[in-house]
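Visitor: Sharing a structure with you now.
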Amino acid sequence: MIQAPVRTPGTPYHVAVIMDGNGRWARARHLPRTEGHRQGVNAARAVVRACASRGVKVLTLFAFSSENWRRPHQEVGTLMELFVRSIRRELPELEEKGIRLRFIGDREAFSQRLQARMAEAEQRTRDNTLMELVVAVSYGGRWDITRAAATLADQVRHGSMTPEQITPEALEEQLSTKGLPDPDLFIRTGGEKRVSNFLLWQLAYTELFFSDVLWPDFSEDDLVQAFDCFAGRQRRFGHIQEQLVGGSGA
Ligand code: IPE
Ligand code: IPE
Ligand code: MG
(Lines of atoms letter the chains of each structure in order from A and count residues from 1; the text may use other names and numbers.)
(Lines give C-alpha, C1' and ligand atoms only; values in the text may rest on other atoms or scores of the structure.)
(Ligands and ions follow the chains in the order given, each with its own letter.)
Protein backbone atom coordinates (compact mmCIF):
# COMPACT_ATOMS: atom_id res chain seq x y z
CA MET A 1 0.00 0.00 0.00
CA ILE A 2 1.49 3.35 -0.98
CA GLN A 3 1.73 6.37 1.29
CA ALA A 4 -1.40 8.54 1.10
CA PRO A 5 -0.59 11.69 -0.89
CA VAL A 6 -1.46 15.07 0.53
CA ARG A 7 -4.58 16.54 -1.03
CA THR A 8 -3.59 20.04 -2.06
CA PRO A 9 -6.16 22.79 -1.33
CA GLY A 10 -8.62 22.98 -4.19
CA THR A 11 -8.39 19.28 -5.00
CA PRO A 12 -11.85 17.70 -4.96
CA TYR A 13 -12.51 15.00 -2.37
CA HIS A 14 -15.03 13.15 -4.55
CA VAL A 15 -14.84 13.24 -8.36
CA ALA A 16 -17.62 11.73 -10.49
CA VAL A 17 -17.01 11.14 -14.19
CA ILE A 18 -19.21 10.35 -17.18
CA MET A 19 -16.70 8.69 -19.48
CA ASP A 20 -18.34 9.55 -22.80
CA GLY A 21 -17.15 9.57 -26.41
CA ASN A 22 -15.72 6.08 -26.92
CA GLY A 23 -17.88 5.34 -29.94
CA ARG A 24 -17.09 8.63 -31.68
CA TRP A 25 -13.38 8.19 -30.97
CA ALA A 26 -13.47 4.83 -32.76
CA ARG A 27 -15.67 6.03 -35.63
CA ALA A 28 -13.28 8.91 -36.34
CA ARG A 29 -10.60 6.25 -36.90
CA HIS A 30 -12.86 3.97 -38.97
CA LEU A 31 -12.73 1.41 -36.19
CA PRO A 32 -15.64 -0.50 -34.64
CA ARG A 33 -17.20 1.28 -31.64
CA THR A 34 -16.00 -1.52 -29.39
CA GLU A 35 -12.39 -0.50 -30.07
CA GLY A 36 -13.25 2.83 -28.46
CA HIS A 37 -14.41 1.00 -25.36
CA ARG A 38 -11.14 -0.94 -25.25
CA GLN A 39 -9.14 2.28 -25.40
CA GLY A 40 -11.51 3.76 -22.85
CA VAL A 41 -10.30 1.22 -20.29
CA ASN A 42 -6.77 2.62 -20.68
CA ALA A 43 -8.03 6.17 -20.12
CA ALA A 44 -9.90 5.00 -17.03
CA ARG A 45 -6.77 3.35 -15.64
CA ALA A 46 -4.78 6.58 -16.15
CA VAL A 47 -7.44 8.66 -14.42
CA VAL A 48 -7.64 6.25 -11.48
CA ARG A 49 -3.86 6.49 -11.06
CA ALA A 50 -3.85 10.27 -11.39
CA CYS A 51 -6.68 10.75 -8.90
CA ALA A 52 -5.09 8.38 -6.37
CA SER A 53 -1.74 10.14 -6.62
CA ARG A 54 -3.33 13.58 -6.25
CA GLY A 55 -5.17 12.71 -3.07
CA VAL A 56 -8.71 12.33 -4.41
CA LYS A 57 -10.50 10.11 -1.88
CA VAL A 58 -13.51 8.96 -3.91
CA LEU A 59 -13.67 8.52 -7.68
CA THR A 60 -16.96 7.45 -9.23
CA LEU A 61 -16.87 6.31 -12.85
CA PHE A 62 -20.04 5.87 -14.92
CA ALA A 63 -19.27 2.77 -16.94
CA PHE A 64 -22.71 1.57 -18.07
CA SER A 65 -26.10 3.17 -17.59
CA SER A 66 -29.45 1.51 -17.07
CA GLU A 67 -30.32 2.85 -20.53
CA ASN A 68 -27.19 1.43 -22.20
CA TRP A 69 -28.91 -1.98 -22.32
CA ARG A 70 -30.77 -0.50 -25.30
CA ARG A 71 -27.59 -0.63 -27.40
CA PRO A 72 -26.99 -3.30 -30.05
CA HIS A 73 -26.64 -6.75 -28.57
CA GLN A 74 -23.10 -7.16 -29.83
CA GLU A 75 -21.87 -3.88 -28.26
CA VAL A 76 -23.46 -4.77 -24.91
CA GLY A 77 -21.82 -8.21 -25.08
CA THR A 78 -18.38 -6.71 -25.74
CA LEU A 79 -18.82 -4.28 -22.85
CA MET A 80 -19.69 -7.14 -20.50
CA GLU A 81 -16.59 -9.05 -21.60
CA LEU A 82 -14.51 -5.92 -21.04
CA PHE A 83 -15.89 -5.51 -17.51
CA VAL A 84 -15.03 -9.07 -16.57
CA ARG A 85 -11.56 -8.83 -18.08
CA SER A 86 -10.84 -5.39 -16.63
CA ILE A 87 -11.75 -6.43 -13.11
CA ARG A 88 -9.39 -9.39 -13.38
CA ARG A 89 -6.55 -7.37 -14.91
CA GLU A 90 -6.79 -4.26 -12.75
CA LEU A 91 -7.41 -5.90 -9.40
CA PRO A 92 -3.74 -6.58 -8.52
CA GLU A 93 -2.81 -2.91 -9.01
CA LEU A 94 -5.83 -1.72 -7.04
CA GLU A 95 -4.91 -4.08 -4.22
CA GLU A 96 -1.29 -3.00 -4.31
CA LYS A 97 -2.11 0.71 -4.30
CA GLY A 98 -4.68 0.40 -1.54
CA ILE A 99 -7.74 1.31 -3.60
CA ARG A 100 -11.12 0.06 -2.47
CA LEU A 101 -13.58 -0.99 -5.14
CA ARG A 102 -17.34 -0.61 -4.93
CA PHE A 103 -19.90 -1.30 -7.67
CA ILE A 104 -23.19 0.55 -7.67
CA GLY A 105 -26.17 -0.17 -9.90
CA ASP A 106 -28.63 -2.95 -10.61
CA ARG A 107 -26.20 -5.83 -10.32
CA GLU A 108 -28.86 -8.45 -10.69
CA ALA A 109 -29.10 -7.47 -14.35
CA PHE A 110 -25.64 -9.00 -14.91
CA SER A 111 -24.57 -12.59 -15.45
CA GLN A 112 -23.79 -14.72 -12.40
CA ARG A 113 -20.16 -14.72 -13.48
CA LEU A 114 -19.92 -10.94 -13.53
CA GLN A 115 -21.81 -10.61 -10.25
CA ALA A 116 -19.36 -13.03 -8.65
CA ARG A 117 -16.36 -11.11 -10.02
CA MET A 118 -17.72 -7.84 -8.64
CA ALA A 119 -18.40 -9.32 -5.22
CA GLU A 120 -14.95 -10.89 -5.11
CA ALA A 121 -13.21 -7.63 -6.11
CA GLU A 122 -15.11 -5.73 -3.41
CA GLN A 123 -14.25 -8.36 -0.86
CA ARG A 124 -10.56 -8.38 -1.73
CA THR A 125 -10.22 -4.60 -1.53
CA ARG A 126 -12.58 -3.86 1.36
CA ASP A 127 -9.88 -2.87 3.86
CA ASN A 128 -8.15 -0.45 1.48
CA THR A 129 -8.17 3.22 2.41
CA LEU A 130 -6.08 5.20 -0.11
CA MET A 131 -9.05 5.92 -2.38
CA GLU A 132 -12.48 4.45 -3.02
CA LEU A 133 -13.17 3.65 -6.68
CA VAL A 134 -16.91 3.46 -7.28
CA VAL A 135 -17.91 1.97 -10.62
CA ALA A 136 -21.49 2.66 -11.69
CA VAL A 137 -22.76 -0.22 -13.83
CA SER A 138 -26.35 -0.72 -14.96
CA TYR A 139 -26.79 2.42 -12.90
CA GLY A 140 -29.44 5.10 -13.22
CA GLY A 141 -30.14 7.98 -10.86
CA ARG A 142 -33.87 7.33 -11.17
CA TRP A 143 -33.36 3.64 -10.41
CA ASP A 144 -31.37 4.59 -7.30
CA ILE A 145 -33.96 7.06 -5.94
CA THR A 146 -36.93 4.84 -6.82
CA ARG A 147 -35.37 1.87 -5.05
CA ALA A 148 -34.63 4.00 -1.97
CA ALA A 149 -38.23 5.27 -1.94
CA ALA A 150 -39.57 1.72 -2.20
CA THR A 151 -37.40 0.61 0.74
CA LEU A 152 -38.68 3.49 2.87
CA ALA A 153 -42.27 2.72 1.87
CA ASP A 154 -41.72 -0.87 2.94
CA GLN A 155 -40.38 0.23 6.32
CA VAL A 156 -43.43 2.43 6.87
CA ARG A 157 -45.70 -0.44 5.92
CA HIS A 158 -44.01 -2.71 8.44
CA GLY A 159 -44.23 -0.04 11.14
CA SER A 160 -40.47 0.42 11.63
CA MET A 161 -40.72 4.08 10.62
CA THR A 162 -43.40 6.73 10.23
CA PRO A 163 -43.97 8.91 7.13
CA GLU A 164 -42.75 11.90 9.19
CA GLN A 165 -39.40 10.18 9.58
CA ILE A 166 -38.83 10.25 5.83
CA THR A 167 -36.18 12.96 5.57
CA PRO A 168 -33.45 13.61 3.00
CA GLU A 169 -31.03 11.92 5.40
CA ALA A 170 -33.27 8.85 5.72
CA LEU A 171 -33.55 8.57 1.95
CA GLU A 172 -29.79 9.01 1.51
CA GLU A 173 -29.27 6.04 3.82
CA GLN A 174 -31.01 3.87 1.23
CA LEU A 175 -29.14 5.09 -1.84
CA SER A 176 -26.43 2.95 -3.40
CA THR A 177 -23.89 5.65 -2.46
CA LYS A 178 -24.70 5.32 1.25
CA GLY A 179 -21.78 6.48 3.35
CA LEU A 180 -20.08 8.47 0.59
CA PRO A 181 -20.03 12.26 0.54
CA ASP A 182 -21.69 13.84 -2.50
CA PRO A 183 -19.38 14.49 -5.47
CA ASP A 184 -17.52 17.81 -5.35
CA LEU A 185 -16.64 17.77 -9.03
CA PHE A 186 -18.52 16.21 -11.94
CA ILE A 187 -16.68 15.75 -15.23
CA ARG A 188 -18.32 14.73 -18.49
CA THR A 189 -16.12 14.14 -21.50
CA GLY A 190 -17.27 13.82 -25.09
CA GLY A 191 -18.87 17.23 -25.47
CA GLU A 192 -22.48 16.51 -24.42
CA LYS A 193 -23.89 18.88 -21.80
CA ARG A 194 -26.21 16.57 -19.88
CA VAL A 195 -26.17 14.25 -16.89
CA SER A 196 -27.81 11.26 -18.63
CA ASN A 197 -29.41 9.83 -15.48
CA PHE A 198 -26.13 9.71 -13.51
CA LEU A 199 -26.17 10.56 -9.77
CA LEU A 200 -29.33 12.69 -9.86
CA TRP A 201 -29.76 13.08 -6.11
CA GLN A 202 -26.07 13.26 -5.25
CA LEU A 203 -25.19 15.96 -7.81
CA ALA A 204 -27.43 18.59 -6.16
CA TYR A 205 -24.50 20.89 -5.28
CA THR A 206 -21.71 19.39 -7.36
CA GLU A 207 -19.58 21.65 -9.55
CA LEU A 208 -20.03 20.68 -13.20
CA PHE A 209 -17.21 20.51 -15.76
CA PHE A 210 -17.74 19.57 -19.39
CA SER A 211 -14.87 18.65 -21.69
CA ASP A 212 -14.98 18.21 -25.45
CA VAL A 213 -12.19 15.63 -25.28
CA LEU A 214 -13.40 12.13 -26.20
CA TRP A 215 -12.88 9.73 -23.30
CA PRO A 216 -10.10 7.56 -24.85
CA ASP A 217 -8.06 10.76 -25.33
CA PHE A 218 -8.72 12.13 -21.82
CA SER A 219 -5.34 12.53 -20.13
CA GLU A 220 -3.93 13.60 -16.78
CA ASP A 221 -3.48 17.11 -18.25
CA ASP A 222 -7.20 17.26 -19.00
CA LEU A 223 -7.93 16.11 -15.46
CA VAL A 224 -5.67 18.80 -14.04
CA GLN A 225 -7.51 21.37 -16.16
CA ALA A 226 -10.77 20.25 -14.57
CA PHE A 227 -9.23 20.41 -11.08
CA ASP A 228 -7.87 23.92 -11.75
CA CYS A 229 -11.29 25.05 -12.90
CA PHE A 230 -12.83 23.51 -9.77
CA ALA A 231 -10.31 25.26 -7.51
CA GLY A 232 -11.50 28.59 -8.88
CA ARG A 233 -15.17 27.96 -8.14
CA GLN A 234 -16.93 29.44 -5.13
CA ARG A 235 -19.39 27.01 -3.61
CA ARG A 236 -22.12 28.81 -1.72
CA PHE A 237 -24.66 26.06 -0.93
CA GLY A 238 -27.38 28.70 -0.77
CA HIS A 239 -25.47 31.21 1.37
CA ILE A 240 -24.33 34.63 0.18
CA GLN A 241 -20.68 35.34 -0.51
CA GLU A 242 -20.12 37.35 2.69
CA GLN A 243 -21.12 34.38 4.83
CA LEU A 244 -18.34 32.21 3.47
CA VAL A 245 -14.93 31.83 5.07
CA GLY A 246 -12.77 30.37 2.29
CA GLY A 247 -12.84 30.70 -1.48
CA SER A 248 -13.22 27.29 -3.04
CA GLY A 249 -15.12 24.48 -1.40
CA ALA A 250 -12.66 21.62 -1.34
C1 IPE B 1 -19.31 5.96 -23.37
O2 IPE B 1 -19.01 6.15 -24.70
C3 IPE B 1 -19.21 4.54 -22.94
C4 IPE B 1 -20.49 3.90 -22.61
C5 IPE B 1 -21.64 4.48 -22.59
C6 IPE B 1 -20.46 2.50 -22.25
P7 IPE B 1 -20.12 5.99 -25.81
O8 IPE B 1 -20.17 4.57 -26.22
O9 IPE B 1 -21.41 6.57 -25.37
O10 IPE B 1 -19.51 6.87 -26.99
P11 IPE B 1 -20.28 7.87 -27.94
O12 IPE B 1 -21.00 8.85 -27.05
O13 IPE B 1 -21.23 7.06 -28.75
O14 IPE B 1 -19.21 8.51 -28.74
C1 IPE C 1 -23.75 8.10 -20.41
O2 IPE C 1 -23.38 8.13 -21.74
C3 IPE C 1 -23.46 6.76 -19.82
C4 IPE C 1 -22.04 6.39 -19.70
C5 IPE C 1 -21.01 7.08 -20.09
C6 IPE C 1 -21.78 5.13 -19.08
P7 IPE C 1 -24.40 7.87 -22.93
O8 IPE C 1 -23.62 7.96 -24.17
O9 IPE C 1 -25.15 6.61 -22.71
O10 IPE C 1 -25.42 9.10 -22.79
P11 IPE C 1 -26.43 9.70 -23.83
O12 IPE C 1 -27.24 8.57 -24.40
O13 IPE C 1 -25.63 10.38 -24.90
O14 IPE C 1 -27.23 10.69 -23.06
MG1 MG D 1 -22.19 8.43 -25.45
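Even glycines carry a Cβ here, placed using N, Cα and C.
Note that TrEMBL annotation is computational and uncurated.
Marked as active site by TrEMBL: D20. For N68, the entry in TrEMBL reads active site, proton acceptor. According to TrEMBL, the Mg(2+) binding site annotation covers D20, E207. Residues or ranges marked as substrate binding site by TrEMBL: 21-25, R33, H37, 65-67, W69, R71, R188, 194-196.
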Visitor: Could you measure between S66 (substrate binding site) and the residue listed as 'active site' for me? Cα positions, answer in whole angstrom.
Guide: 15
Visitor: Just how many other Cβ atoms lie inside 10 Å of the Cβ on G21 (substrate binding site)?
Guide: 25
Visitor: For a Cβ distance below 6 Å to any atom of ligand 2, name the recorded positions from D20, G21, N68, W69, R188 that qualify, or say none.
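Guide: Checked recorded positions vs ligand 2; flagged D20, N68.
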Visitor: For ligand 1, pick out the recorded positions D20, G21, G23, S66, W69, V195 that have a CB under 6 angstroms away from one of its atoms.
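Guide: So the answer is D20, G21, G23.
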Visitor: At a 10 Å cut-off from the C-beta of R188 (substrate binding site), count the other C-beta atoms across all protein chains.
Guide: 23
Visitor: Under 6 Å from ligand 3 by Cβ, which recorded positions from D20, W25, S66, N68, E207?
Guide: D20
